[in-house]
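Peer 1: These came from Swiss-Prot, pasted as-is:
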type: ACT_SITE; residues: 32; note: active site, nucleophile
type: ACT_SITE; residues: 35; note: active site, nucleophile
type: DISULFID; residues: 32-35; note: disulfide bond
type: DOMAIN; residues: 2-105; note: domain 'Thioredoxin'
type: MOD_RES; residues: 3; note: N6-acetyllysine
type: MOD_RES; residues: 39; note: N6-acetyllysine
type: MOD_RES; residues: 62; note: S-nitrosocysteine
type: MOD_RES; residues: 69; note: S-nitrosocysteine
type: MOD_RES; residues: 73; note: S-nitrosocysteine
type: MOD_RES; residues: 94; note: N6-acetyllysine
type: SITE; residues: 26; note: site 'Deprotonates C-terminal active site Cys'
type: SITE; residues: 33; note: site 'Contributes to redox potential value'
type: SITE; residues: 34; note: site 'Contributes to redox potential value'
């Protein structure tokens with residue numbers, strides 16, 4: 001399941017409540033073509049990796065979160081463990097997304 005983040009508070013809360021689990025954050029926008037293309041794959045990964053927390057941040061709805069995380073383009077995927085960023089890449093690269101998850105869990 002992918003949790004939609006609506007605020008900076010909800011983002012911090014999700015990172016904190018994840019504990020030891022890997023957190024994967026998809027920063028996207030409704031108008032972004034590549035974001036729309038990879039969204040179903042991101043959701044399928046959330047079903048496949050039940051021990052990983054998947055979050056989705058709409059950069060237009062949560063500009064403060066996107067700014068704090070220094071997101072420059074969409075889609076950007078960031079990876080967190082224990083509240084600390086442990087990885088990041090931009091672009092709708094399915095293989096790299098799944099490979100990075102496998103590397104970090």
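Glycine residues also receive a Cβ, built from the backbone N, Cα and C atoms like all the rest.
Give me the local environment of each listed feature.
Peer 2: In sequence order, 74, 75 are the residues of the chain that are 6 or more apart from residue 32 (active site, nucleophile) and have a CB within less than 8 Å of its CB.
For residue 35 (active site, nucleophile), applying a Cβ distance below 8 Å and a minimum sequence separation of six or more within one chain yields 26, 28, 29, 74, 75, 92. Classification of residue 35 (active site, nucleophile) by DSSP places it within a helix.
Per-residue confidence over the domain 'Thioredoxin' (2-105) averages out at a pLDDT of 98.
The secondary structure of residue 3 (N6-acetyllysine), as reduced to three states from DSSP, is extended strand. Under 8 Å, Cβ to Cβ, and six or more positions away along its own chain, residue 3 (N6-acetyllysine) finds 14, 53, 54, 55, 56.
Non-local contacts of residue 39 (N6-acetyllysine) by the CB criterion (under 8 A, 6+ apart in sequence, same chain) comprise 26, 28.
In sequence order, 5, 6, 7, 8, 11 are the residues of the chain that are 6 or more apart from residue 62 (S-nitrosocysteine) and have a CB within less than 8 Å of its CB.
Residue 69 (S-nitrosocysteine) counts 19 other C-beta atoms within 10 Å of its own C-beta, drawing on all protein chains shown.
Mapped onto three states, the DSSP output places residue 73 (S-nitrosocysteine) in coil.
Applying an 8 A CB threshold to same-chain residues 6+ apart, the list for residue 94 (N6-acetyllysine) reads 38, 41.
For the recorded site, residue 26 (site 'Deprotonates C-terminal active site Cys'), the DSSP three-state label reads strand.
Over all protein chains present, the Cβ of residue 33 (site 'Contributes to redox potential value') has 9 other Cβ atoms lying within 10 Å.
The C-beta environment of residue 34 (site 'Contributes to redox potential value'), restricted to residues of the same chain at least 6 apart in sequence and closer than 8 Å, consists of 74, 75, 91, 92.
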Peer 1: Any idea which of the recorded positions 26, 73 has the thinnest Cβ neighbourhood at 10 Å?
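Peer 2: 73, out of the recorded positions 26, 73, has the fewest neighbouring Cβ atoms within 10 Å.
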Peer 1: Fill in the CA-CA distance, residue 33 (site 'Contributes to redox potential value') to residue 73 (S-nitrosocysteine), as an integer in Å.
Peer 2: 12
